[in-house]
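Over in TrEMBL, the protein carries these features:
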- LYS126: active site, proton donor (ACT_SITE)
- LYS90, GLN111, LYS114, GLY165, SER377: substrate binding site (BINDING)
- THR210, ASN241: NAD(+) binding site (BINDING)
- ASP166: site 'Important for catalysis' (SITE)
Amino acid sequence: MQDVVEKVYEQVVARNRGEVEFHQAVHEVLESLGPVIAKHPHYAEGALLERIVEPERQIMFRVPWVDDAGQVHVNRGFRIEFNSALGPYKGGLRFHPSVNAGIIKFLGFEQIFKNALTAQGIGGGKGGSDFDPHGRSDAEVMRFCQSFMTELARHIGPSTDVPAGDIGVGGREIGYMFGQYKRLRNSYDAGVLTGKGLAWGGSLVRTEATGYGTVLFAQSMLATKGESLEGKKVLVSGAGNVAIYAIEKAQQLGATPITFSDSSGYVVDEAGVDLELLKQVKEVERGRVADYVERRPGARLVTGGSVWEVPGDVALPCATQNELDGDAANTLLRGGCGVVSEGANMPSTPEAVEAFQKAGILFGPGKAANAGGVATSALEMEQNAGRTRWDFATAEAKLTGIMADIHDSCVAAAEEYGRPGDYVLGANAAGFTRVADVMIAHGIV
Ligand code: NDP
């Protein structure tokens, strides 16, 4: 790391103590910026780096709610409005017991550069709560969402801050939150949240977008080597929104996904994942991966260990941060894996990224490879603003075009800064320069 960026990183660690995921995300971006600053020193002037690592606003609030037995619970809510240079803050809400300020900050920081890569005029933000929706009734989830939105509503708006879903927040939760927002504001601001239901302002393809985009990114990377996904064995982790639609698109492109997982274990289905059954178990019944194995002869459930022990050609980590460490990366490489496209945010540890890059395989970092979700959220905002609705083919064609542009921007930036094929450098440099140029234009704010 260059001296100038090293100093900024040390400041971040000192000012955000114990927020290890945030440190990790900042380190990865700053490390990539060495060649950018060397070529364009003005990016290190005017405390631009110091400003970009400091959120514009951080909101933390109490979320009290009552369970079905009448017991009162208190969770903590967060919204980090990180950077609005390119547009209203945009980024999902995560409901998971592991959520804390550092996790939301890392996600918000990543979101700045990801959103810049989409070229859709959206700033970076993220939010959530340490609430765990698992095992809660619909009525409990509704009361929690209403309480959460009662505070959040005063901070968001279609031109200010537009949240969406993430881990633990899908169509059901967005519905409850939108209902409460509308009631509080007495205003049908469809553009205040994305990931909405199709009958009330949602966009076709938003549900599929992140998983589809991750696979399209893998396909674009393979195309640079004259290859494709056709006939490849694909390993997927997670069994939520991103994982399910990554499996769907991989199947459409002629690949065979053979794994998925949740926090109870992973499933290997050598015959190829039965997508309809997986959707039934996860989307309809909200069940566990064991429920799939019970109904699918030939599939096996592995508890303990990691999905990355299974040999395959392509890995799509689609669960959560730091789920793929250095050892797992080396196991994947020994198993013949030549492509990793990150559906989750920061699923590979720094050691894993280093192992992939050393081995010279195709590695697509999350901020580029999973940007299809937020890009389609921006398309949802565009449809809301125009009071219009596109058909599936139109929305999917736009997503496909955006993913191709993101891929090409990463390739071009990696070449410009002397490391062809390095998608980490490419994504960070391309995303950073787009935000930094506008921050300079806006003056010291
Ligand atoms: P979901 O809640 O729909 O699914 C998450 C999946 O990952 C579940 O199967 C869950 O299992 C598993 N998982 C989550 N945390 C852990 C953990 N600590 N250990 C093991 N398994 C875990 O979330 P999404 O699919 O929406 O999000 C997945 C990832 O993709 C996240 O990193 C998210 O930030 C990222 N992402 C999502 C976007 C979107 O549009 N939804 C956009 C861009 C990125 P279990 O149910 O057992 O917890």
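The first residue you see is number 1, and the count goes up from there.
Heads up, the Cβ atoms here are built off N, Cα and C, so glycines get one too.
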Practice prompt. Please check each of the recorded positions LYS126, GLY165, ASN241 and report the ones with a CB atom less than 6 Å from an atom of ligand 1, ordered along the sequence.
Written response: GLY165, ASN241
Item to complete: Measuring CA to CA, name the entry from the recorded positions LYS126, ASP166, THR210, ASN241 that ends up nearest GLN111 (substrate binding site).
Response: LYS126
Discussion item. Around the substrate site formed by LYS90, GLN111, LYS114, GLY165, SER377, which additional residues qualify by having Cβ within 8 Å of the site's Cβ center?
Written reply: GLY91, GLY92, ASN115, ILE122, GLY125, LYS126, ALA164, THR194, GLY373, VAL374
Item to complete: Report, as a single number, how many Cβ atoms besides its own are within 10 Å of the Cβ of ASP166 (site 'Important for catalysis').
Response: 26
Worksheet, complete the sentence: Rounding to whole Å, the Cα atoms of ASP166 (site 'Important for catalysis') and LYS90 (substrate binding site) are apart by 12
Item to complete: Can you check which residues sit near LYS126 (active site, proton donor), meaning Cβ under 8 Å from its Cβ, same chain, 6 or more apart in sequence, and list them in order?
Response: ARG79, ILE80, PHE82, GLY91, GLY92, LEU93, ARG94, ILE104, LYS105, LEU107, GLY108, GLN111, ASP166
Worksheet item: Rounded to a whole number, how many Å is the Cα of LYS114 (substrate binding site) away from the Cα of ASN241 (NAD(+) binding site)?
Response: 19
